[in-house]
Amino acid sequence: MLLLLVPVLEVIFTLGGTRAQSVTQLDSHVSVSEGTPVLLRCNYSSSYSPSLFWYVQHPNKGLQLLLKYTSAATLVKGINGFEAEFKKSETSFHLTKPSAHMSDAAEYFCVVS
């Protein structure tokens, strides 16, 4: 069984006091069996068109960018088989992978900019 840590965090950015953004990761810990699908949920709030990112941090390593959304296609493909779908109507940017591997055990961070 794999344990994917998704820190419960809410990040709020205020730029000039008029444009506030926040992101909320809904799961604090996600456990999956190797070979099964992974879903890491992220919802955001933004007063304008956001740029959204998913980062991963493996034990004793620095942050690594998995993928980013910057207003192009709604389905974003990242590294190592991860992808995320931007759903403006649901204000979500959930990270998915069809088949988890032991090497995916790490902390994952959703960021809005």
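Note that Cβ sites are derived from N, Cα and C of the backbone, with glycine treated the same way.
Over in Swiss-Prot, the protein carries these features:
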DISULFID  Cys42-Cys110  disulfide bond
DOMAIN    21-113  domain 'Ig-like'
CARBOHYD  Asn43  N-linked glycosylation site
SIGNAL    1-20  signal peptide
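Residue density at Cys110 (disulfide bond): 27 other Cβ atoms are found within 10 A of its Cβ, drawing on all protein chains shown. Within 10 Å of the Cβ of Cys42 (disulfide bond) there are 24 other Cβ atoms, across all protein chains.
For the pair formed by Asn43 (N-linked glycosylation site) and Cys110 (disulfide bond), distance between Cα atoms is given as 9 Å, rounded to the nearest Å. Broken down with DSSP, the domain 'Ig-like' (21-113) shows 9 helix, 50 strand, 34 coil.
If you take every residue in the domain 'Ig-like' (21-113) and average the pLDDT, you get 90. All protein chains considered, the CB of Asn43 (N-linked glycosylation site) has 18 other CB atoms within 10 Å.
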